[in-house]
Each structure stands twice: as structure tokens, then as C-alpha cells.
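These come from TrEMBL:
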type	residues	note
BINDING	ASP42, ASP75, TYR78, HIS274	Fe cation 1 binding site
BINDING	ASP75, ASN143, HIS237, HIS272	Fe cation 2 binding site
DOMAIN	37-275	domain 'Calcineurin-like phosphoesterase'
SIGNAL	1-20	signal peptide
Amino acid sequence: MARSLLVLSLLSLLVSVALAGLTTIEHSLKEDGSLAILVVGDWGRKGTYNQSLVAQQMGKVGKELDIDFVISTGDNFYEDGLTGLDDEAFEQSFSEIYTADSLQKPWYTGMDSLTYGANYQFNYFNQAQLIGFLILFLEVLGNHDYRGDVIAQLSPVLQMVDCRFICMRSFIVNAEIVDFFFVDTTPFVVKYWTKPKDHHYDWRDVASRETYIANLLQDLDYSLKASSARWKIVVGHHTMRSVSQHGDTEELLQYLLPVLTTNGVDFYINGHDHCLEHISSTDSPLQYFTSGGGSKAWRGVYTSNADKVQFFYDGQGFMSLKLTECHADIAFYDVEGQELYKCSMAKINRGAFPSSVSVEAERAGTTT
């Protein structure tokens, strides 16, 4: 009953005004004006391939940083997404794995605005009496998620099972000093449509590809231009720049990257490649971060990239991000909780646009 009332209280926060078709979630900062999150991707394997060990270390780091929420960069349930709302894999790969007290907070993933309504407001501090120590897990869909029942994974009914799980296709999380723009990248990739091999992709509410992508890019461009946040961060599943197995995603470089650079986006955060990476663009201030080490990793692939590789670790782990109005601190951790790499970034100018960052990095683990 308590869980049902909690979910109903969350759903009661829905309002009816959309921002150019993208759902917006409002999230408060800490009292000191900062925000701390964890980022993990490519994890959903029922605890195997060290998923449980990564989760344990996430719990420890999450407690140290007093995190506000968790971002998942997709591929939430292997190998082929969820089979339906009653798929036990949801609890076996999520609820029963991320059990630390510090992780009982929002997880942001992905869902379409038609499913959740136009504008979803979540204020952790104002709603503390209702939802206790809830940490949301905010998640985007990965290509493996699209091989299952996408509508089930997007359904708010799953919050009756675990109220931390917030899954949408494309949406915005506004936390005053930062806007996170979550983008559904799987439909961009042509081979999933034309050469799916033995896989079935659930394209319900997506086809046709061209129309879906055009509308999404238009909504994203509008929302980025309308944003007055100090930091602009885009989250997707697929790599934009990567030196690991999947490498660069050409469709994203062609269609998505111009929207990001035109609108002064600071970071692009993704999964897909099962590794940890930081790559700096050589022709813009944009920084690329890969956090796809939530379970199966160690691909043994490294391919040179035209941009500047600041850090690469071909193993399991996760990422942390702490933001204030003028500074960003990023760190990568391995499966044992060792801090492999950290970097600090500061806004060069105080204008709304264009913006840029300076990077100071320290390496403690495997790098290029």
C-alpha cells in the first residue's frame, strides 16, 4: 500500500504544459547549490559479469558524494529488453541489484512524452515526507532494450514495482544550473532498420524513422535554445566519439552533433561501448564521456580517434559527476571502487552562449 501511495503521489505531480513536445522533470539542487550524480550503462545482466560488484561500489561512492540521482545510458536489460510488464528480469537486473541505501534515489532512463504526460515535476527536498530517501534512476533506451517490449519498459506501471525507475525515450531534467537532455539514439542507426540480422526491433510509436528523427531534432534544438541553464548536457545511448569496439556512430555525427555544437552543449554522455572514456573535441568545447561498464566489458579493442583521447579504460565501472554553477568534477571508478581518473572543468565565460570549459585531468588507472 505504501508503494502504491508513493507512485500515486509521483503521478499526481504531472502538469499539462509541454516544452516543444519533450517531457521536463524538475529536480532541486542541494542547499549549497550543487548537484551530484552517478552514471552507469550497459548493466542489466541479473548480477552477472560483475554487475553486482559494480553496483556495490556505486553504493559506496554514492554515499560519499551524497548523490541526487542516477543516470543510466541504456541497454538496461540484456539480451533482448523486457518481455512485458511481468518480466522478472526487471527485479533481477535492477531492484535486487542496486540495493544500497545511497542508491534508493531516482534512476533516469527513457520514455515518450505521451506516456508520462507533458511535464513531470520532481522536487526531492519538497517531497521528502512523501517519498523518503528516493533516488531516481533516469534511463535512456539502448539498442538491446529495443529488441524487447519497449512499451512495457516505458510504462509507468513499472514504478509500482520499483518507484526509482524513470524511463522515457527523450526528455529533459532541469536542475536549475544544469539541463540534461536525454535523447533516444537507437532510431538514428540505419542498420537496425535495414539489417537487423536475427533480431526484432520494437519500432512502435517510432516509425517512420525519418519523421521521428526530424521531429526529435527539432524538439531538441528548440529546447536547447530555450534553455537558460549554466550547463547543457546531452545523454544518449550510442557513442558519438569512441575508440572502443563500436567506435563513432556516423548517424549521430551527421544529424545530432551539429545541433549540439550550434547550441553550446558542454558534455555528451553515452554508453554502448562497454568501457570508460573521456574524449575532447578538437574543433569545439564539447566533451564526450562514455560510461558503459555496468557489467560485461573487456572488449580488447582500441582504435585511434581524430579527437583528443583524455582517458580510456577497457573494463567495468561507472562515472560520477558533481556540478556547481561554475565547476564540474568528473571521475571514473573501476569494479573495485578505485578512482581511475578525474578531471575538473570550469566555465571560461559567464555568458549564456557561447560557453566553453577548461579541463584539468589526473590519471590514476589505465589510459591511452
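Note: Cβ is positioned from N, Cα and C throughout, glycine not excepted.
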Could you state the whole-number distance in Å separating the C-alpha atoms of HIS272 (Fe cation 2 binding site) and ASP75 (Fe cation 1 binding site)?
7
Would you mind giving the whole-number mean pLDDT across the domain 'Calcineurin-like phosphoesterase' (37-275)?
89
May I ask for the distance between HIS274 (Fe cation 1 binding site) and ASN143 (Fe cation 2 binding site), taken between their Cα atoms and rounded to an integer number of Å?
13
Highest Cβ count within 10 Å among the binding-site residues HIS237, HIS272, HIS274: which residue is it?
HIS237
List the same-chain residues at least 6 positions away in sequence whose Cβ sits under 8 Å from the Cβ of ASP42 (Fe cation 1 binding site), in sequence order, or say none.
THR73, GLY74, ASP75, GLY142, GLY271, HIS272, HIS274, GLY292, GLY293, GLY294, SER295, LYS296
Could you round the CA separation between TYR78 (Fe cation 1 binding site) and HIS237 (Fe cation 2 binding site) to a whole angstrom and send it over?
14
Fe cation 1 site shell beyond ASP42, ASP75, TYR78, HIS274, criterion: Cβ within 8 Å of Cβ centroid:
GLY41, TRP43, GLY44, ARG45, GLY74, GLY142, HIS144, GLY271, HIS272, GLY292, GLY294, SER295, LYS296
Other than ASP75, ASN143, HIS237, HIS272, which residues of the chain come within 8 Å of the Fe cation 2 site, judged by Cβ distance to the Cβ centroid of those residues?
GLY41, ASP42, THR73, GLY74, LEU141, GLY142, HIS144, ASP145, THR185, THR186, HIS238, GLY271, GLY292
Using a Cβ-Cβ cut-off under 8 angstroms and a sequence gap of six or more, which residues of the chain neighbour ASN143 (Fe cation 2 binding site)?
GLY74, ASP75, THR186, VAL189, TYR192, TYR201, HIS237, HIS238, HIS272
I'd like the number of other C-beta atoms within 10 A of the C-beta of ASP75 (Fe cation 1 binding site), please.
31
